[in-house]
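Scroll down for the structure; my scribbles are underneath it.
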Amino acid sequence: QETEEVHLSNNINAVGQTESASEPDLNDSSTEVVRERSRNWGWLLSGIICVNILILGCALVSGSAYNNVKISTPDLQVFLIIILLLTSIWMVYYVIYTARTENAVVYKDDHAGPVWLRGGLVLFGLLSIIMDIFKIASYVGYLHCDSAVKVAFPVVQLVFILIQTYFLWVHAKDCVKHLHLQNCGLMLTLSTNLVLWMTNVTEESLHQTDLPDYPGNTTKLSGRHLYITKAGYGDDKCKCSHTSCSMFKEAYYYLYPFNIEYSLFASAMAYVMWKNVGRVAAEHGHHDIKFSLRDIFLGPVFGVLLVFTGLATFIVYEMEMKKDDHDADKKDQAVMMHFVMNIVIVTLMSVSSVIGCAIYRVDHREHVSEKNPTRSLDVGLLVGASLGQFIISYFSIVAMVATGAKGYLNGLNLAWSILMVIQLGLQNFFIIEGLHREPFHEVEPVAVVPNPYVLEPSKDLSIPEGPVMDTKPNPELTAHSHTPEHRHKLVWKRRVLKEVCVFLLLGNIILWIMPAFGARPQFDHDTETEFYKFNMWAAVVNIGLPFGIFYRMHSVASLFEVFLCS
C-alpha cells in the first residue's frame, strides 16, 4: 500500500507540474489570439473610415469640376479644410504620445522611409509650400469680391504640409503598439493625401483639356489659361486689387506637379506605417549601403545628355504650342520633333533594360526571403501605376491601326506607343527583379600576414629547407584570399548594373518632366480625338496620364533603391 501511495503521489505531482508548465503557453497563445483579433478589428475600422472619406472626396471633386453642377470650389475647400485640420491634430497627438509613452514604438522598420525618400518628401513639400504662398498672395487680391475660404484653404494646407513633413521624417519607420486610434489616424492621413491628390489632378487635367469650341488639332492652350482664371475665381466681374495676380497664378500653376507628387509620397509612407502598426519583426542584420558613383561614367553622362536634349526639345515644343497663330505646318513639325525625341528616349531605355536583365542571368545573388510591407507596396505601386500609361498606349495603337496610320505623324505615334509598351514591360521586370535581390556584399581582400614559422624555414625549429617549401602554396591562404580575376568578375557586373540604373533613372526623370509640365501630344495630334471623340479620349488621357506621371517618379525612387543594392 505504501508503495502504491508513493507512486500515486508522484503521478499527481507530475500532472500538476505539467499543468503549471503548460499554463504560460496557453496564456501566451490566448494573448496572441486576442492581439490578432484586435489588429484585425483596427484594420477593418480604419479601412471603413478611409473608404468613406475617399468616396465622399471623389464625389465632391468630380462635382466641382463642371460648371453646370451646383458644387462650387469653396464647398470642396471647406471639406478639405476639415479633413486637413483633423489629420494635423492627430499627427500632433501622435508625436506627443510617442514622446511621452514609454515603449510606444516596439520596433523600427529599416526598410520603411529611407533617407532619400524622406529627402524627396521634404523637397516636394518645400515646393508645395511655395505654391501655397503664391496662391495666398494671389487670392488676397480678390477678398473684396470673393469667398475668404479660397484664402483660408492654402493657409491650412501650408500648416498641414509643415506638420506632416516633420511627422513622416521622424516617425516613418515606426512600428507603433497596436491601438485603434493609431490605425484610424494613419488611414485618415492616407485618405486626406489621396483626396488632395485627386483635387490637384482634376485641376491639372482641366487646365490641359478644356473642351474646344471648334474642331481642330490644337491643344486649346487659351482654354488652359482661361481655366486658371476660372479655377481661381470663376468670372470676370471680380477684379484683382493688385497688379501681381496674373504673375502669381502663372507661378503656382507650374508648381502643381510637385504638390501632386508630395501627396503621393506621403500616401505611400502613411500606408507603410499603417501596415506596421503592432508589427514585431525579427531582427535582421541591416546592410550598411552607401551611395557612391565611383567607377560609373557612361550611365550618368548619357543620362544627363538625354535629359538636356529632352528639355531643349520640350521647351521648343511648348513654345510653339503656346503661339496664338495657327500655323499648322509649324505645329506639326513641333509635334513630330516631340514624337521623335520620345521614341529615341524609350528605345535607349529599352536597350538598357535588356542589358540589365541579361546581367541578372549571370548574377547569382540570392533572392530576398524576408517579407516586408515596403517592398510589397513598391512592387504594387510600380505595376499598378504603369497601367495608366499602358491604357493610353494601347488606345493609341488601336486608333492608329484602325485608321491605317496614314501620314508621318500617325506612323511616329504608332511607333512611340508600341515602344512605350515594350519599355514599360522591360523596365518593370528589371526593377522588380532588382528589388528582390540581396545587396552585393563588399568583400574586402584578406590581409595576408606571412607566418615565419610556416612560410620561411626556421633554424630554431629545425625545419628543413627544400624545394617543396618554395613551390607549394599554403591551402589556408589560398582558400581565404581572393584572386584579382575573382574581384574583377564582381566589379564588372556591379558596374554594368549601376550604369543601367543611373541611365534609366535619368531617362524616367525627363519622361516625368515633359507630361508633368504640360506636354499633351495626345491632344496636339487629332487622330485619337477624331477616332474616339473628344469626351471619351479626354477621359482616357485624364485618368491614365496622372498614373503614368506618378509611375515615372516612383520608378526613379525604385531605381535608386536598386542602384544602392548593386
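Note that the numbers count up from 1, one per residue, in the order the chain is shown.
For all residues, glycine too, the Cβ spot is worked out from N, Cα and C.
Whatever TrEMBL says is automated annotation, not expert-curated.
Taken from TrEMBL, the feature transmembrane segment covers 41-66 (among others). A Cβ distance under 8 Å defines the sequence-distant neighbours of the transmembrane segment (41-66), meaning residues of its chain 6+ beyond its ends; these are 72-73, 75-76, 79, 83, 178-180, 182-184, 186-188, 190-192, 194-195, 198-199, 202, 206, 274, 277-278.
Listed as Cβ neighbours of the transmembrane segment (78-96) (distance under 8 Å, sequence separation of 6 or more from its ends, same chain) are residues 53, 56-57, 60, 149, 152-153, 156-157, 159-160, 163-164, 166-167, 170-171, 176, 182, 185, 188-189, 191-192, 195-196, 199. The feature transmembrane segment is assigned by TrEMBL to 78-96 (among others).
According to TrEMBL, the transmembrane segment annotation covers 116-137 (among others). Long-range contacts of the transmembrane segment (116-137) within its own chain (CB-CB distance under 8 A, at least 6 residues past either end) are made by residues 151, 154-155, 157-158, 161-162, 164-165, 168-169, 172, 244, 248, 251-252, 255-256, 258-259, 261-262, 265-266, 269, 291, 557, 560.
According to TrEMBL, the transmembrane segment annotation covers 149-169 (among others).
Away from its own ends, the transmembrane segment (253-274) comes close to residues 46, 109, 112-113, 117, 120-121, 123-125, 127-128, 130-131, 134, 161, 164, 168, 171-172, 174, 176, 183, 186-187, 189-190, 193-194, 196-197, 200-201, 203-204, 207, 228, 373-374, 377, 381, 516-517, 546, 549-550, 553-554 of its chain (Cβ-Cβ under 8 Å, at least six residues beyond either end). Positions annotated as transmembrane segment by TrEMBL: 253-274 (among others).
Within the chain carrying the transmembrane segment (295-317), a Cβ under 8 angstroms from the stretch's Cβ atoms is held by residues 334-335, 337-338, 341, 345, 348, 491, 495, 498-503, 505-507, 509-511, 513-514, 517, 519, all 6 or more beyond its ends. What TrEMBL records for 295-317 (among others) is transmembrane segment.
What TrEMBL lists as transmembrane segment is 337-360 (among others).
Note on the transmembrane segment (381-402): residues 268, 410, 413-414, 416-418, 420-421, 424, 428, 431-432, 522, 527-528, 531-532, 537, 540-541, 543-548, 550-551, 554-555, 558 of its chain, located 6 or more positions outside it, place their CB under 8 angstroms from a CB of the stretch. The feature transmembrane segment is assigned by TrEMBL to 381-402 (among others).
With a cut-off of 8 Å between Cβ atoms, the residues of this chain six or more beyond the transmembrane segment (414-432) that come close are 339, 342-343, 346-347, 349-350, 353-354, 356-357, 360, 379, 382-383, 386, 389-390, 392-394, 396-397, 400-401, 405, 500, 504, 555, 558-559, 562. Among the features that TrEMBL reports, transmembrane segment is placed at 414-432 (among others).
According to TrEMBL, the feature transmembrane segment maps to 496-514 (among others).
Taken from TrEMBL, the feature transmembrane segment applies to 534-551 (among others). Outside the transmembrane segment (534-551), and at least 6 residues removed from its termini, the chain residues within Cβ reach (under 8 Å) are 201, 204-205, 209, 211-212, 257, 260-261, 264, 381-382, 384-389, 391-392, 395, 512, 515-516, 520, 522-523, 528.
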* Structure fact -> Same-chain residues at least 6 beyond the ends of the transmembrane segment (496-514) with CB under 8 Å of its CB atoms are 293, 296-300, 302-304, 306-307, 310-311, 314, 338, 342, 345-346, 348-349, 352-353, 355-356, 359, 363, 427, 430, 434, 549, 552-553, 555-556, 559-560, 562-563, 566
* Asked: What same-chain residues lie close to the transmembrane segment (337-360): Cβ under 8 Å, and 6 or more beyond its ends?
  -> 302, 306, 309-310, 313-314, 316-317, 409, 412-413, 415-416, 419-420, 422-423, 426-427, 429-430, 433-434, 437, 493, 496-497, 500-501, 503-504, 507-508, 510-511, 514, 519, 521, 524
